[in-house]
Amino acid sequence: MPLLTMHSRQISWTPLLLLGYLFYLLLGAMVFQLLEKQAETHFRDQFQLEKLKFLQNYTCLDRQALEQFVQVLMEAWEKGVNPEGNSTNPSNWDFSNSFFFAGTVVTTIGYGNLSPSTVAGQIFCVFYALFGVPLNLAFLNQLGKALNAHLLTLERWVQKPGRAQVVQTLAVVIFLITGTLLFLVFPPLVFSYVEGWSYGEGFYFTFITLSTIGFGDYVVGTNPNKHYIPVYRSLTAIWIVFGLAWLALVFNVGADLMERYLQLKWHKSDLSLAEGDTTKLEDEPEQPRIHIPS
């Protein structure tokens, strides 16, 4: 029976993980609502006030005409056309931007600021993603294996007893520090310089992109008032691919450590319960035997 109890407890951490997952989502919802709802209300009121001021300054327009113009701006933005500037703005579908868009499709980032507007483009996008997403996963998987192979090679350099664990820990630390510098620390400096963002905005864009969340509120190479080099977005797409592999490996390590921690916690609880049952049995007084003479 203790064995059955231990076995049932070894798998009971799964409901705990589910509860923790739901709690994390609820916590995020409450925090985001607390932080963003008031700001949204402020911006909405400010926008309505600006529209009223615009109508007061241009009395030849009525509210219906203004709302129609706003609708035109919204439709242009949804089609990937930036309302700022004029018709001389760079095309969203030149080769560099198309290469960047292809990368966002296969990596499933999907910023949402640009999408195919033609039926032929939408159909091609579906089939392109159908084969491109598995290809991207296979490539990232192989890239992750290559990174793991380098870590294992570093561990084999030291074969003396007692030092392997130190080398393994050192290799993981070097891997995390190097990747953090290359993919999370230095790129925001570049984006801040090129795009005119703050470092915090650049770091926000970097993490949101590499984690494939991709809200689309910050996208490189979309400011019509700036002149970008032709390969700027293409180089960014290449950086994204390698950054995805590194961050995915970090996420996998974190998920594995979390799972092991939960299993170890429940395993220790099972051992304590089993030891308690054993101690209880040992402490019970032995029942006297009744001898019946023949």
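For all residues, glycine too, the Cβ spot is worked out from N, Cα and C.
Listed features, source TrEMBL:
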TRANSMEM  12-35  transmembrane segment
CARBOHYD  Asn86  N-linked glycosylation site
DOMAIN    88-147  domain 'Potassium channel'
TRANSMEM  120-140  transmembrane segment
TRANSMEM  166-190  transmembrane segment
DOMAIN    173-259  domain 'Potassium channel'
TRANSMEM  202-220  transmembrane segment
TRANSMEM  232-255  transmembrane segment
Whether the transmembrane segment (232-255) meets the transmembrane segment (12-35): three or more C-beta pairs under 8 angstroms: no
Mean of the pLDDT scores, which run from 0 to 100, over the domain 'Potassium channel' (173-259): 89
The domain 'Potassium channel' (173-259): DSSP-derived helix, strand, coil residue counts: 63 helix, 0 strand, 24 coil
